[in-house]
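J.: Can you keep this structure in mind? I'll have questions shortly.
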């Protein structure tokens, strides 16, 4: 009697655990159905990707045009400086007065730097075409922005140094006894001034290309 009471008490104290009923039918895997607007979300994402690609293609086309203009400007600056020379009509038996870019190392460096920049910009046109064909590609645009930054620094350095020389040629410097020579070599000073202005334009275009590429890379990340 005591054993039956103890057993009944133990059954009352033990929690009742219900075992789940197994379905004896054919086992079927339950697949969670996608939300009702899943196709709409994917369509919207695809449309945004298409819009982004078209926008980047437009930026790449603009980049190509600016790059071509900058290449022409840099090579024109180098050619103008290299072909600018003047010889005064009066001379003696042993002395002839002439002015050439090779007389000043700064102007010689100007010609070399602008020739390098013009050659780089010409060789970079295929990379710009790749960005037009594949507007979402990041590596070619990253390569261009790095090289454009370096070339912009070189162009700005050469143009600034040559501008200082041209300024001294126009105005002179009484402290260093540098007399203005543009009164005698007017054509030479005019040609060098035009070359320096063209180099500054090329540097400004390179700066704009760097900003444009950085903005395009920011939109892609």
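Here the Cβ of each residue, glycine as well, is placed from N, Cα and C on the backbone.
Nobody curates TrEMBL annotations by hand; they come from automatic prediction.
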J.: May I ask you to indicate which of 172-194, 195-217 is given in TrEMBL as transmembrane segment?
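T.: Spelled out, TrEMBL records transmembrane segment over residues 195-217, not the other listed ranges.
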J.: Can you say which of 1-26, 27-52 is given as region 'Disordered' in TrEMBL?
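T.: Here TrEMBL associates region 'Disordered' with the stretch 1-26.
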J.: Against which stretches of its own chain does the transmembrane segment (107-130) lie, if we need a Cβ under 8 Å and a gap of at least six residues from its ends?
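T.: For the transmembrane segment (107-130), the list is 60, 63-64, 67-68, 70-72, 74-75, 77-78, 81-82, 101, 137, 140, 143-144, 147-148, 151, 154-155, 157-159, 161-162, 165, 192, 195-196, 199, 202, 206.
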